[in-house]
Amino acid sequence: MEGIAKITLILLFLFVTMHTFANWNTEAAVCVYRTCDKDCKRRGYRSGKCINNACKCYPYGK
């Protein structure tokens, strides 16, 4: 029973860590002007623009 609890805690820790860092950086490595806005919208952001050769996604809000 104690082994199952340890495994569950380890899996929970890994899941939370992966989920936290999955959207850590919302900038793509190279910006393609035609697809930047589409890619950002597909990921759940309001819009996207190419800034300094990087696709910057803008969230909903102000």
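Note that Cβ sites are derived from N, Cα and C of the backbone, with glycine treated the same way.
Taken straight from Swiss-Prot:
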- CYS31-CYS50: disulfide bond (DISULFID)
- CYS36-CYS55: disulfide bond (DISULFID)
- CYS40-CYS57: disulfide bond (DISULFID)
- TYR60: tyrosine amide (MOD_RES)
- 1-22: signal peptide (SIGNAL)
- ARG34: site 'Important for the interaction with Kv1.2/KCNA2 channel' (SITE)
- LYS38: site 'Important for the interaction with Kv1.2/KCNA2 channel' (SITE)
- ARG42: site 'Important for the interaction with Kv1.2/KCNA2 channel' (SITE)
- ARG46: site 'Important for the interaction with Kv1.2/KCNA2 channel' (SITE)
- ILE51: site 'Important for the interaction with Kv1.2/KCNA2 channel' (SITE)
- ASN52: site 'Important for the interaction with Kv1.2/KCNA2 channel' (SITE)
- LYS56: site 'Important for the interaction with Kv1.2/KCNA2 channel' (SITE)
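Of all the recorded positions in the list LYS38, CYS50, ILE51, the shortest Cα-Cα distance to the residue listed as 'tyrosine amide' is found for LYS38.
Between ILE51 (site 'Important for the interaction with Kv1.2/KCNA2 channel') and CYS40 (disulfide bond), the C-alpha separation comes to 14 Å. When secondary structure is read from DSSP and collapsed to three states, ASN52 (site 'Important for the interaction with Kv1.2/KCNA2 channel') falls in the coil class. Taking every protein chain shown into account, ARG34, ARG46 are the recorded sites, and of these the Cβ with the most other Cβ atoms within 10 Å belongs to ARG46. Comparing C-alpha positions, CYS50 (disulfide bond) sits nearest to CYS36 among the recorded positions CYS36, CYS40, ARG42, CYS57.
Within 10 Å of the C-beta of CYS40 (disulfide bond) we count 21 further C-beta atoms, all protein chains included. Cα distances from CYS31 (disulfide bond) to the recorded positions LYS38, CYS40, ARG42, ARG46, CYS55 are smallest for CYS55.
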